[in-house]
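Asker: Quick one: structure below, then a few questions.
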């Protein structure tokens, strides 16, 4: 699969294992609380912009455009660290979140718990 | 896109927004430390098995088969909670991790930090 054109450091680009759409998953975690806030997607250029501007920038699959988190909402994500996983298909982005991460106004996008059977509190 | 055959509760299945491959991303977090351990993938049946057995079960995209974490390594993940995100394309799986999460032997798969420009420690 072709590597997308971008200004991303080639040494970093070489680590990435992209989907057919040229994307890697970005898990976003809040530095101060450790909460997992959301999952978004980056292509090489979104990662380049995130690493060089310190503002979390994603690729919107629905709108097919770059998306600086908070650009319209004001709910920016100030990037404190980015790590790539062992097989290069996921990033862990550590941020300070301004306001709510979720477009619903919730602190995190993961607010709907599913029932798990067999959970033992003391196991 | 067809909903895959599985025994997953239809009310839960209706919440999911799957990739073209029928998958949702699963972010795995360690309950005791809050550490993000790994990113894996689930189809409906993997989620069903995870919710009903309490053992994290994924779909391996490389092997094209179900994969009970720890089945060969012994490094099981005991599921303490599963949440779905606001738009149904990601899950947050909270686990107690037995041994290392990463196949490299590392505690977490996200052990390679990338350089971020413009990070201000006191910003």
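In case you wondered, yes, glycine gets a Cβ from its N, Cα and C as well.
According to TrEMBL, the protein has these features:
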BINDING   A:85, A:87, A:89  Mg(2+) binding site
BINDING   A:86, A:102, A:109  Zn(2+) binding site
DOMAIN    A:38-111  domain 'Phosphoribosyl-AMP cyclohydrolase'
Asker: In whole Å, how far is residue A:85 (Mg(2+) binding site) from residue A:102 (Zn(2+) binding site) when you measure between their Cα atoms?
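Answerer: On Cα coordinates alone, these residues lie 24 Å apart.
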Asker: Roughly how many Å separate the Cα of residue A:85 (Mg(2+) binding site) from that of residue A:109 (Zn(2+) binding site), to the nearest whole number?
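Answerer: Computed Cα spacing between residue A:85 (Mg(2+) binding site) and residue A:109 (Zn(2+) binding site) is 22 Å.
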Asker: May I have the DSSP-based helix, strand and coil counts for the residues of the domain 'Phosphoribosyl-AMP cyclohydrolase' (A:38-111)?
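Answerer: Breakdown, helix to coil: 10 helix, 30 strand, 34 coil.
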Asker: Give the sequence-ordered list of residues that share a chain with residue A:87 (Mg(2+) binding site), lie 6 or more positions from it, and have CB atoms under 8 Å from its CB.
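Answerer: Result: A:17.
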Asker: Give me the long-range Cβ neighbours of residue A:109 (Zn(2+) binding site): same chain, 6+ apart, Cβ under 8 Å, in sequence order.
Answerer: A:37, A:38, A:39, A:101, A:102
Asker: Using all protein chains in view, find how many other C-beta atoms are within 10 Å of the C-beta of residue A:102 (Zn(2+) binding site).
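Answerer: Taking every protein chain into account, the count is 17.
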Asker: Please compare the binding-site residues A:85, A:89 by how many other CB atoms fall within 10 Å of each one's CB, and tell me which has the fewest.
Answerer: A:89
Asker: Starting from the Cβ of residue A:86 (Zn(2+) binding site), draw a 10 Å sphere and report how many other Cβ atoms land inside it.
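Answerer: The Cβ of residue A:86 (Zn(2+) binding site) has 18 Cβ neighbours within 10 Å.
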